[in-house]
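Features of the protein shown, as given by TrEMBL:
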REGION    1-180  region 'Phosphopantothenoylcysteine decarboxylase'
DOMAIN    2-160  domain 'Flavoprotein'
ACT_SITE  149  active site, proton donor
DOMAIN    176-384  domain 'DNA/pantothenate metabolism flavoprotein C-terminal'
REGION    181-395  region 'Phosphopantothenate--cysteine ligase'
BINDING   269, 279, 313, 327, 331  CTP binding site
Ligand code: C5P
């Protein structure tokens with residue numbers, strides 16, 4: 001646990017206690033500024049371990065120095081993470097113990113920002129946070145509300161109980177260790193002529209969140225994605241495609257070599273029958289473009305002998321369960337994750353999602369949460385069902 005200078009540090013004391021109750025072993029590193037808010041003795045008493053405060057201290061370096069401390073942790077959480085510390089993380093400083101620890105770590109890193117709302121909204125902080133996200137750092141919060149400085153807005157550190165829940169899903173569960181997962185993400189573009197195409201509103205956020213969750217769970221991840229603005233996490237194999245046909249080829253060339261296939265892409269259902277090599281002219285009042293159905297990638301993967309554990313997605317505007325279960329049967333899937341479209345906070349381009357997940361003899365609802373959290377839960381569920389299927393097949 002890294003504690004930086006902010007009044008929310010008192011909440012981190014409670015989080016330390018809660019983590020111990022859950023059976024975690026906690027070591028606390030504090031910055032100079034953090035110690036202005038809460039005494040090191042508080043954290044020593046609550047963690048049951050001496051608190052680390054100095055980078056270059058002969059006594060501590062002889063015991064547990066900064067590198068061994070970084071190696072010791074399964075997960076590092078910085079709570080509260082001040083604007084200043086976030087900037088230092090992004091810049092890669094190692095001039096104090098906590099920033100050196102973060103630079104030397106190989107384990108997952110999460111930060112729980114807490115600061116004044118204007119500091120949080122400032123483009124410098126936002127850019128820093130975006131960069132950290134690119135590097136795979138988990139950003140937990142901040143929450144909206146009244147701040148210690150008397151202002152209202154985003155900047156409150158998440159409550160200890162909420163942070164605890166996030167940490168449970170972040171500690172590198174390893175549920176997919178030794179397994180490989182192929183994921184398709186984003187939209188496809190169906191070319192009409194050299195300048196135009198048919199596409200959809202998929203941002204690829206859900207698919208990328210699933211790829212990150214699968215990586216965190218220890219899987220070897222392959223990612224096939226259509227045109228997206230977001231930067232994908234670093235995967236073992238990453239292939240960018242454009243059309244449904246290209247995605248079909250890229251996925252089917254590889255799927256047999258993977259243990260699990262998750263079809264999170266919004267693949268065009270229809271594509272123009274003819275591609276015009278010249279720009280289509282604006283001559284007639286009406287224009288009809290004949291379309292033909294694209295090949296169903298997901299169904300094709302499920303027909304491979306033997307198929308990978310195959311998971312589909314379904315975006316439905318009505319009768320969610322019936323349609324989703326219909327697809328589960330017709331496409332011979334192992335699992336389908338359905339989201340109701342038309343809600344403001346779910347589905348395409350949103351940062352949050354809610355899913356109803358169905359499999360042959362069960363179902364579960366994953367209530368509204370960030371796509372990151374939903375992806376973690378989905379990966380845990382897929383791991384459970386995958387192992388359940390394999391143990392019945394081998395017994
Ligand atoms: O049948 P529907 O298109 O609603 O099914 C959605 C699921 O099927 C998604 O997982 C999507 O990635 C997949 N799909 C596919 N190939 C298509 C169309 C959809 O793999 N041509």
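Note: Cβ is positioned from N, Cα and C throughout, glycine not excepted.
Caution: TrEMBL annotation is automatic and unverified by curators.
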Whole-number answer please: how many Å between the C-alpha atoms of residue 327 (CTP binding site) and the residue listed as 'active site, proton donor'? 53
Just how spread out is the CTP site if you go by the largest Cα to Cα distance in Å among 269, 279, 313, 327, 331? 38
With the Cβ under 6 Å from ligand 1 as the test, give me the qualifying entries from the binding-site residues 279, 313, 331. 313
Cα distance, residue 149 (active site, proton donor) to residue 331 (CTP binding site), nearest Å? 56
Close in space, distant in sequence - residue 279 (CTP binding site), Cβ under 8 Å, 6 or more apart: 193, 194, 195, 196
DSSP, reduced to three states, assigns residue 149 (active site, proton donor) to coil
Looking only at Cβ atoms, how many others are within 10 Å of the one on residue 269 (CTP binding site)? 13
Through the lens of DSSP with three states only, how would you label residue 331 (CTP binding site)? coil
If you skip the near sequence neighbours and keep only those at least six away, which residues in the chain come within under 8 angstroms of residue 313 (CTP binding site), Cβ to Cβ? 206, 263, 264, 336, 337, 338, 339
Take the Cβ of residue 327 (CTP binding site) and count every other Cβ within 10 Å, whichever protein chain it belongs to. 21
Residue 269 (CTP binding site) and the residue listed as 'active site, proton donor', distance between Cα atoms, whole Å: 53
